[in-house]
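First comes the structure, then the notes that go with it.
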Amino acid sequence: MASSSSFLLLAALLALVSWQATASDPSPLQDFCVADMNSPVRVNGFVCKNPMEVNADDFFKAANLDKPRVPNKVGSNVTLINVMQIAGLNTLGISIARIDYAPLGQNPPHTHPRATEILTVLEGTLYVGFVTSNQPAPNRNKFLSKVLNKGDVFVFPVGLIHFQFNPNPHQPAVAIAALSSQNPGAITIANAVFGSDPAISDDVLAKAFQVEKNTIDYLQAQFWENNHY
């Protein structure tokens with residue numbers, strides 16, 4: 001009997017650990033938890049606003065996502081709608097973004113540390129791809145890519161490096177992305193590695209990338225523009 005109880009306890013603990021390991025944003029325990037942006041209390045997410053004070057505007061934003069945006073130096077503009085723009089998204093585990101691509105523009109290699117992304121092409125053509133995490137040979141850092149046309153959908157798994165590129169030199173492209181977090185985060189690889197503040201030692205980066213230090217110094221001297229607005 002004791003052995004059976006121990007087995008059930010172990011199974012329950014393993015299930016709990018497995019759930020914690022695979023969960024993204026925590027599931028809500030009530031209908032909604034509109035973020036109280038003025039609360040001094042710090043929690044993982046935001047404290048709930050008094051439900052008696054909640055109104056429809058807490059779930060609304062006149063975001064004009066139907067309007068084109070002006071791309072930046074890398075040829076793209078990401079307009080993210082997350083919990084910082086709509087307080088009602090707090091605890092709901094979702095956000096959305098419009099991405100505009102100039103001809104030959106790209107949303108450069110980046111990751112979302114807290115979200116899986118599903119991308120739908122609204123206009124134009126996109127070449128997209130992601131790279132898997134470090135694996136034993138021969139499948140280490142496998143690159144998966146696809147050319148998408150209007151109406152096509154592609155998924156980027158949580159945390160993996162991915163990109164989108166508009167291969168058309170004459171026409172822009174537009175996509176909408178849904179992300180499985182109220183605050184998915186974005187780490188643009190080049191910006192993080194070569195544009196950090198303070199800078200990462202060029203000795204470290206030269207060794208990591210197996211290039212001369214003057215190559216690293218040149219890259220660190222560039223202006224690494226953010227395309228997330």
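Placed from the backbone N, Cα and C atoms, the Cβ positions cover glycine too.
Note that TrEMBL annotation is computational and uncurated.
Since the structure is predicted, the reported quantities are computational estimates derived from the model, not experimental observations.
Residues or ranges marked as signal peptide in TrEMBL: 1-23. According to TrEMBL, the feature disulfide bond maps to Cys33-Cys48. For 63-217, the entry in TrEMBL reads domain 'Cupin type-1'. Under the heading oxalate binding site, TrEMBL lists Asn107, His112, Glu117. Per TrEMBL, Mn(2+) binding site is recorded for His110, His112, Glu117, His162.
Recorded features from TrEMBL, shown on the structure.
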residue : record               : Cβ within 10 Å
Cys33   : disulfide bond       : 21
Cys48   : disulfide bond       : 18
Asn107  : oxalate binding site : 29
His110  : Mn(2+) binding site  : 21
His112  : oxalate binding site : 23
Glu117  : oxalate binding site : 22
His162  : Mn(2+) binding site  : 22
Near-site residues: oxalate, ref Asn107, His112, Glu117, CB cutoff 8 A to centroid:
Ala97, His110, Thr111, Ala115, Leu119, Phe156, His162, Ala177, Leu179, Pro184, Ala186
Tell me the Cα distance separating Glu117 (oxalate binding site) from His110 (Mn(2+) binding site), rounded to the nearest angstrom.
12
Closest to His162 (Mn(2+) binding site): which of the recorded positions Cys33, Cys48, Glu117, going by Cα position?
Glu117
Environment of His110, His112, Glu117, His162, the listed Mn(2+) site - residues of the same chain whose CB lies within 8 A of the CB centroid:
Thr111, Ala115, Phe130, Phe156, Leu160, Ile161, Pro184, Ala186
Averaged pLDDT score, the domain 'Cupin type-1' (63-217):
95
At the Cα level, what's the spacing in Å between Glu117 (oxalate binding site) and Cys33 (disulfide bond), rounded?
23
C-alpha of Cys33 (disulfide bond) to C-alpha of His112 (oxalate binding site): distance in Å?
23
